[in-house]
2 protein chains.
Amino acid sequence: MQLLVQRVDIAGRGGVIHEEDARRLGVFDGDRLRVIHPETGKSAPMVVDITTSILTSGTVALYNVTCSDLGLSDGDTVEVHTAVPPSSIRFIRKKMDKGRLTAEEMMTIVRDMVNENLSLNEITAFVTASYINGMDLDEVESLTRAMVETGERIEFATHPVVDKHSIGGVPGNKITLLVVPIIAAAGLTIPKTSSRAITGAGGTADLMEVLAPINFSAEEVQKMTNQAGGVIVWGGSTNIAPADDLIIRVEYPFKIDERGQMIASVMAKKFAVGAEMVVIDIPVGPTTKVHTMQDARRLAQDFIEIGSRLGMQVECAVTYGDSPVGRAIGPNLEVAEALSVLEGAKTPNSLIEKSVAISGILLEMAGKAQRNGGEEMARSLLSSGAALKKFHEIIAVQGGKSDVHSSDILPGKYSAAIPSPVSGYVVSLNNTGLITVARLAGAPHDKGAGIYCNAKVGTQLRKGETIYTIYAESQEHLDRALEEARRLYPVVVEGMLLDRIPQDSIELDRMD
Amino acid sequence: MQLLVQRVDIAGRGGVIHEEDARRLGVFDGDRLRVIHPETGKSAPMVVDITTSILTSGTVALYNVTCSDLGLSDGDTVEVHTAVPPSSIRFIRKKMDKGRLTAEEMMTIVRDMVNENLSLNEITAFVTASYINGMDLDEVESLTRAMVETGERIEFATHPVVDKHSIGGVPGNKITLLVVPIIAAAGLTIPKTSSRAITGAGGTADLMEVLAPINFSAEEVQKMTNQAGGVIVWGGSTNIAPADDLIIRVEYPFKIDERGQMIASVMAKKFAVGAEMVVIDIPVGPTTKVHTMQDARRLAQDFIEIGSRLGMQVECAVTYGDSPVGRAIGPNLEVAEALSVLEGAKTPNSLIEKSVAISGILLEMAGKAQRNGGEEMARSLLSSGAALKKFHEIIAVQGGKSDVHSSDILPGKYSAAIPSPVSGYVVSLNNTGLITVARLAGAPHDKGAGIYCNAKVGTQLRKGETIYTIYAESQEHLDRALEEARRLYPVVVEGMLLDRIPQDSIELDRMD
C-alpha cells in the first residue's frame with residue numbers, strides 16, 4: 001500500500017496509521033509493518049499504532065528517527081507492507097509460559113529491544129515475565145552477554161582493570177569518591193561509570209557533577225582513564241549496555257528490580273569496560289535491597305558465579321546498611337565530606353572504614369597488597385595525600401577545577417536545625433525517612449540540598465540539642481522538607497515518640 | 001513549575017516534558033504529574049514521558065484530549081506539579097507478587113485503565129501478571145463487575161433479555177445470523193454485540209456489515225432492540241466494557257487470552273446489556289481455544305459460576321470445533337449461506353443443526369419451549385419463515401436493505417477451484433490452514449474474499465473434482481492465497497500427501 005508521509009516531531013522510531021488503512025492491510029495495534037522508500041529501497045520496521053483522529057486515510061505519520069533513517073519529508077510517498085512480528089515476541093511468550101530462554105533467544109530479545117523492534121509494552125511483558133518466573137544463571141549470563149554486545153565497549157592497554165559497584169539503598173554512600181582515587185593512586189586502572197539517583201538523594205554521578213563534567217562518550221572515558229588512571233562519569237551518556245536503561249525504565253513505575261536483571265545490569269557494565277577484578281558492595285538492612293545476611297550471601301554467590309563465567313574475578317563485601325554512611329546526605333554536603341576525608345580529616349569513621357575496606361579488597365585482588373594488607377595500604381594512600389592528589393588529577397582530566405577544597409563546597413543557604421525533643425541516646429536513623437526529607441529539600445537536583453546528621457546512633461543528646469540539620473536552596477523547599485520531617489521523625493531519640501513510617505514506603509535505587 | 005503549552009496533534013491524553021524540567025521536578029519516565037490550568041483551576045493527570053530533542057526546556061507538549069479537557073491552546077501557561085502514582089500501580093505490583101486482588105483493588109485498576117491513568121505499559125504488566133499468576137473466581141467476578149461499571153449499560157423494559165456468545169476458533173461460524181432472528185422471532189429480546197475478526201476470516205460484526213450498518217451507540221442499540229426485538233451490532237462502538245478493548249490490545253502481540261480475562265470479557269458484555277439468560281458456545285478442537293472435553297467442562301463450570309454470582313442464568317454448549325460450520329468462510333460467502341438457510345435451504349446440515357441447537361437452549365431457558373422442545377421450536381421458526389421475516393426487520397432497523405436475498409450477495413470475481421489430486425474420501429479440513437488462505441485472499445476486509453468448501457469430511461471425490469474454491473476481489477490476492485494453499489493443503493483427501501502445518505501455527509480469536 002502506498003501512503004503519504006506526514007512527519008511528526010516525536011523523538012524515536014515508528015509512527016501512526018489510519019484505522020481504514022489498517023483494516024485494508026489487515027493489521028491491528030501491535031502488528032508489524034515495513035515502511036519502504038520507493039526510490040532508495042531503504043526500509044524500516046514499524047509497530048502498528050492506529051488512530052482515527054489525527055490523520056486522514058492514505059497518510060502515515062512517521063516519527064523523527066524513522067524519517068531521518070529513510071530520508072523522508074512531509075509529502076513523500078512510501079510503500080507500506082505487512083511484516084512478520086520479530087521472533088523475540090515468541091521468545092517473550094515462552095518466558096511468560098515459564099520457559100527457559102537460550103542464549104540465542106535472549107540475544108534476539110535484547111537486540112530487538114535496543115533496535116526499537118520491540119515496543120515498550122512488549123519490553124514490559126518481558127520484564128514482568130522475567131520478574132515473576134525468574135531467570136536461572138544461564139539466562140542471567142546470556143542476558144549479561146547480550147547487554148554487552150548490543151552496546152559500546154572499552155578496552156585498555158594497561159592491566160589489570162578493576163571496578164567497584166554498590167547495589168545501593170544506603171543514603172550518604174559517597175565512598176566511590178574515595179575508592180576511585182585510592183585505587184588509581186595505587187597504579188590500577190578504574191574506569192568508573194555511575195548512575196544518578198532515581199529514588200535516592202544523590203547518586204555517585206550527581207555527586208561527581210558538583211566537581212566536574214560527567215557526560216562523556218565511551219571513547220572519552222577510555223582516553224581520560226588512560227591519562228589519570230581513573231574517572232567517575234555518568235554511565236547514561238556512554239551507550240554502554242543501553243538495553244539496561246530500557247529495562248530500568250519499564251521496571252521503574254513498579255519499583256521492581258528482578259534479581260537476575262540486577263546482576264546482569266551490574267555485570268554487563270563492568271564487563272563492557274573491561275574490568276578484570278570487581279568488588280560488589282552489598283549493603284544489608286531493612287531499607288536496602290537485601291534484608292538478611294543469608295540473602296546477601298546467596299546474591300554474592302550469583303555475582304561471583306556470573307563473574308567467573310565471564311572471566312572476571314568478583315568479590316563481594318556485605319556491608320552495614322542500617323544507617324547512612326558518614327553524616328552528610330545530598331550532593332554538596334556529601335562531596336564536602338568526602339573531600340575533607342581525602343584532605344586528612346579523621347572523621348566520619350563509618351565513611352573512612354568502609355572506603356578503605358572496599359579499596360583494600362581491590363588492592364589485594366589485583367596483587368598490589370598482601371592478603372590482609374589491602375586495608376592498611378588503602379589507609380596509607382589516604383593519609384599520605386596520594387589519594388587527594390589523584391582525585392585532583394581525575395577532576396582535572398574531566399574538566400573540573402582541580403584545586404578545589406572541601407571548604408569551597410557549600411550547602412544551601414536555607415537551613416533548619418532539628419532539636420531533640422527529649423534528653424537521651426539516638427537509637428535509630430531511618431534511611432527511608434532521611435531520604436524522603438532530603439528529596440523534599442531539593443536533592444539531588446538542588447546540589448546544596450540535603451541533611452547533615454549532627455548525631456548518629458549512640459550519640460547522647462540533651463533536650464534541645466540538634467539531632468540533624470536540613471539544608472535547602474529555597475525557603476519553599478526547606479518548609480516542605482521540615483513539614484515532612486515533623487511527620488516522619490527520621491531520627492529517633494530514646495524516649496521520643498516512636499518513628500512513624502509512611503504507608504507507601506519508598507524503595508531505594510542502585511547507588512552507583 | 002510553570003510551563004508553556006505546545007499542543008501536539010496526537011490522539012489521547014498526556015504529553016511530553018523536557019529532560020531538564022523533569023530533573024528539576026525530580027521525576028522520571030513513568031512518574032506522575034498534574035497539569036493545572038492556572039485560571040480555571042481545572043487539572044488533569046499526566047504520565048511523565050521525557051524528551052531531549054523535540055522540546056525546549058520550559059515547554060510541555062500536550063496531546064489533544066488533555067488540551068481539550070483543560071481548554072488549552074499553544075502558548076498558554078500551565079502549572080505542573082508532581083503527583084503520587086495511582087494506587088493501582090501498587091495493586092498491579094501485588095498481582096506480580098502472586099497476591100489476590102480484592103474487589104476494590106480490581107475496580108481501582110480497571111477505572112484507572114479506562115480513565116488513562118495507567119499507561120499501556122502498566123496495563124501490559126497487569127495483563128502479563130494475571131496471565132502468569134492466574135485469577136481465582138472472586139477476582140474474575142471483580143474484574144467482570146469493574147468492566148461493566150466503567151462502561152455504558154443498557155436496560156430493557158421487556159423481559160427476559162437473552163444472549164449468546166461463542167468463544168471462537170471455528171471458521172465459518174455464522175450461526176449468530178440465524179440464532180438472533182430465531183430468538184427474536186420467538187418474542188425474546190436479544191441485543192447482540194459482536195466483534196470483528198482479529199486473526200479469523202470473518203467475525204460476526206464483519207458478516208453483519210455486509211447487510212447493514214453495525215456502528216451504534218449503546219443508546220441506539222437499546223432503541224433498535226426495543227423496535228425489532230434483536231440486533232447484531234459491532235461491540236466496539238458502544239463503549240460497553242471499554243476496559244476489555246485495552247486488555248485485548250495489550251494481549252494481542254503475544255496471542256494470549258488468559259482464561260479469567262476471557263470469562264470476564266464475555267460476561268461483562270452480557271451483563272452490561274442486561275442479559276438474564278445466556279448460552280455460551282464452547283467449540284472443542286485442535287485449533288480452538290479449548291482442546292479437550294475436560295477443559296471445556298471446567299471452563300463451562302466457571303462461566304456458570306460467574307453468571308450465577310452476577311444473577312445471570314448461564315448454560316454452555318460444548319460443540320464440535322474440528323471443521324468449519326457450514327461450507328462458506330469469509331463475509332459475503334457466509335452471509336449468503338446464512339440467508340439461504342433462513343430462506344428455506346435444507347443444507348448445510350452442520351449450520352442448521354448448530355443454530356437450532358443453540359437457539360433451542362435459549363428458548364427452553366426463557367420458558368418459551370418445554371424442556372427438550374426448544375430445538376423443535378427453533379426449527380419451526382426457521383422453516384415457517386418467521387426467522388427470515390425477523391431478520392429482514394433487524395436489517396431494516398439497523399438501516400440496511402431489508403428485501404435482500406441470498407442471491408444478491410456475491411463472492412469475489414476472481415476464483416480458483418482446487419482439484420483433488422487423487423480419488424478418495426476427504427479425511428480432514430484444517431481450520432488454521434483454511435483461515436490462513438481465506439485471509440490471504442483478502443478476508444475479512446475484502447467482503448467477497450473467502451473459501452467455499454465444495455467437499456467436507458467424508459465426501460468421496462474423484463481425481464480432478466473440486467475440493468474447495470478460493471474467492472478474491474483481485475488477481476493479486478487470489479495468487480497469494482493459491483500459493484499458500486499449495487503449501488498448506490488445508491483439506492486432505494485420503495491417499496494425498498499428508499497435511500503440512502506451518503511451524504508458527506496461528507491461534508484463532510473470539511468469533512463473536
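Numbers run from 1 along the shown chain.
Cβ atoms here come from the backbone N, Cα and C positions, even for glycine.
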Given that TrEMBL assigns A:Ser195, A:Arg196, A:Ala197, A:Ile198, A:Thr199, A:Gly200, A:Thr204, A:Ser265, A:Lys289 to the AMP site, pick the one from A:Gly169, A:Gly230, A:Gly321 that the record assigns to that site as well.
A:Gly169
For A:Asp257 (active site, proton donor) and A:Ile198 (AMP binding site), what Cα-Cα distance in Å is obtained after rounding to a whole number?
13
If proximity means a C-beta under 8 angstroms from chain B, which of A:Gly169, A:Ile198, A:Gly200, A:Asp257, A:Ser265 count? These are the recorded positions.
A:Ile198
Where does A:Ser265 (AMP binding site) sit by DSSP, helix, strand or coil?
helix
Using all protein chains in view, find how many other C-beta atoms are within 10 Å of the C-beta of A:Gly200 (AMP binding site).
27
In the three-state scheme derived from DSSP, which category covers A:Gly169 (AMP binding site)?
coil
Please list residues from the chain of A:Arg196 (AMP binding site) whose Cβ is under 8 angstroms from its Cβ, counting only those at least six apart in sequence.
A:Gly203, A:Ala205, A:Asp206, A:Trp234, A:Gly236, A:Pro444
How many other Cβ atoms are found within 10 Å of the Cβ atom of A:Ser265 (AMP binding site), counting all protein chains shown?
25
A:Gly169, A:Ile198, A:Asp257: which of these recorded positions has the highest Cβ count within 10 Å of its own Cβ?
A:Gly169
Secondary structure tally of the domain 'Pyrimidine nucleoside phosphorylase C-terminal' (A:425-492) (DSSP, helix then strand then coil):
24 helix, 20 strand, 24 coil
